[in-house]
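Per TrEMBL, these features apply:
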- 6-26: transmembrane segment (TRANSMEM)
- 35-56: transmembrane segment (TRANSMEM)
- 62-89: transmembrane segment (TRANSMEM)
- 96-119: transmembrane segment (TRANSMEM)
- 139-163: transmembrane segment (TRANSMEM)
- 183-203: transmembrane segment (TRANSMEM)
- 223-242: transmembrane segment (TRANSMEM)
Amino acid sequence: MSNNIILAAFLCGLAEFICYGGDWLLGQNMADQPIVVGPLVGLLLGDLQTGIILGAMLEATFIGAVNVGGAVSLNPSVATVLAVAYAIIGGGDTKAAVALAIPMGLLGGLLEVGTYVLFSLFQDSWTDAADKANEKKLVWLHYGVWFARSLVFFVAVFITVVIGVKPVAAFIKSLPSFVENGLGLTGGLLPAAGFAMLLSMVWEKKLAVWYFLGFILVEYVKLPLLVVGIIGLVFAVVFAFYDKDIFDLKHSKTATNSNKSASQQEEEDFLS
């Protein structure tokens, strides 16, 4: 086994440790999202462009995936690290990498649930330290468990890249062209599926006009997505100030009516 693959696997594991661990170290800052993980892995592996492209595609794919409570749907950081590694180290197609990211993310989600179960064994230690006001022990437990969880993901990614990336890439390349093309088509459709999942959660009839306006601007007016995004931001700011003015007006009317009611009550009390 060459030193190059060992080094690449170490860098992938390091990126996973930084992004997944960093997301939980100082509050949930979303450092484990593909838009952050992809460019970092690409930078460490020497192909920033591929990292940015896959990060954006996977962010669109996973944007509608929401973990509720303790239920974990998938792990986006694991999926992104392994997908970028497949594309750069294995020389695979980026769209095929997006398609492969889904099962990788599901396996990462299972691993995350496993760490929840494993480290819940420290619950009694936390409770005991809190009851005794042992701040030092609480700090050690907090950062110790954080480091151990992040290390688990580092090791998992490291081993997967070492033993799996190149064989998987070679296997996919050995498949008939229609299978590889099918993976590419699937990968191209997944970002649309991600946006559809997001729209299903935030869709309202009164907002539908903005969706169709964006579609018209992109498809028929041929405006770049960045320009459409800036236009949307301008409208959002304008309506935010408008809503604030309406809220302030209603609040001032409510306060005025309350003052009038109080004055009338005082007059009635005085006359009675």
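Counting starts with 1 at the first residue shown.
Backbone N, Cα and C define each Cβ position, glycine as well.
Sequence-distant contacts of the transmembrane segment (35-56) (same chain, six or more residues past either end, CB-CB distance under 8 Å): 8, 11-12, 14-16, 18-19, 76-77, 80-81, 83-85, 87-89, 94, 97-98. A Cβ distance under 8 Å defines the sequence-distant neighbours of the transmembrane segment (223-242), meaning residues of its chain 6+ beyond its ends; these are 210, 214, 217.
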